[in-house]
Amino acid sequence: MVTSIRVIVGIIGSAVCVLLYAVPVLTFKRVIKEASVGEFSCLPYILALFSALTWGWYGYPVVSNGWENLSLFGTCTIGVLFEFSFVIIYIWYAPREKKKFVVIMVSLILAILCTIVYFSIFTFHTHHMRKLFVGSIGIVTSMSMYSAPLVAVKQVMKTKSVEFMPFYLSLFSLLTSFMWTLYGVLGRDPYLTAPNSVGCLTGILQLVVYCIYSRYKEPPKAVNDIEQVKIDLEVSTNRREDTNGYKP
């Protein structure tokens, strides 16, 4: 019974997670249209890529016992495709300095992944030990991924604009974290439960911040004092000219 419920939760979680991966499509559509990354940061997508790669390896039968985490593996595979696409688009349109940073970061996470795969296969010889090793790293990657949106939260609070923290991204982040937390609880898997519980908290925080700052509207551009004085002088001069030129 519990296994059947877990499978259903896994399918729902996969569907919501794919929607979460797809949300930035709108952001990158704008990047392509404007041919510029503007103020957008690539760090959340790099961390999401690392997380998808790590948890994809966790769900693979080499680490997990058979296909017990098939839903997780399938979802992460789709996630890797999405995140790689976003990173490539970002690199294409980013200025040189940002481009260099992203290439270094991506190279670093790929090197770390290769190290994880190597030790998983040749150092640990049971599924339990492999899950312990990869799962522990997965917790760290997930914590990093869920803490990345806090940068956007800070920017929203600073600019009083929700432009850089889309509502649906925050919503699906919360829903995804909740579904994978439930999936982990049903499977008695602490490596899935722990980081996604934190993800629920950060998701709630993002939605609260969005609700607060989405009410702010861009204030009208005020005319500064010097410009106002110039306008007043201009109006006064025009009036005098009209008065002097008037002949009864």
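Cβ from N, Cα, C; glycine included.
The feature transmembrane segment is assigned by TrEMBL to 6-28 (among others). Here the transmembrane segment (6-28) has Cβ contacts under 8 Å with residues 40, 45, 48, 70-72, 74-75, 78-79, 82-83, 86, 89-90, 166, 168-169, 172-173, 175-176, 179-180, 182-183, 186-187 of the same chain, all six or more residues outside its ends.
Cβ atoms under 8 Å from those of the transmembrane segment (40-58) belong to residues 21, 24, 27, 31, 64, 69, 72-73, 76-77, 79-80, 83-84, 86-87, 90, 94, 98, 101-102, 105-106, 109, 112-113, 116-117, 120, 131, 134-135, 137-138, 141-142, 144-145, 148-149, 151-152, 164, 191 of the same chain, restricted to positions at least 6 beyond its ends. Residues annotated as transmembrane segment in TrEMBL: 40-58 (among others).
Per TrEMBL, transmembrane segment is recorded for 70-94 (among others).
Annotated transmembrane segment per TrEMBL: 101-121 (among others), in sequence order.
What TrEMBL records for 133-153 (among others) is transmembrane segment.
Under the heading transmembrane segment, TrEMBL lists 165-186 (among others). A Cβ distance under 8 Å defines the sequence-distant neighbours of the transmembrane segment (165-186), meaning residues of its chain 6+ beyond its ends; these are 2, 5-6, 9-10, 12-13, 16-17, 19-20, 23-24, 26-27, 71-72, 146, 149, 152-153, 155-156, 192-194, 196-200, 202-204, 206-207, 209-210, 214.
Nonlocal intrachain contacts for the transmembrane segment (192-213), taken as residues 6+ away from its ends with a CB within less than 8 angstroms of a stretch CB, comprise 72, 135, 138-139, 142-143, 146-147, 149-150, 152-153, 156-157, 160-162, 165, 167, 170-171, 173-178, 180-181, 183-185. The transmembrane segment feature in TrEMBL is assigned to 192-213 (among others).
Remote same-chain partners of the transmembrane segment (133-153), defined as residues 6 or more beyond its termini with a Cβ less than 8 Å from a stretch Cβ, comprise 41, 43-44, 47-48, 50-51, 54-55, 57-58, 63, 116, 119-120, 123-124, 164-165, 170, 173, 177, 189-192, 194-196, 198-199, 202, 205-206, 209.
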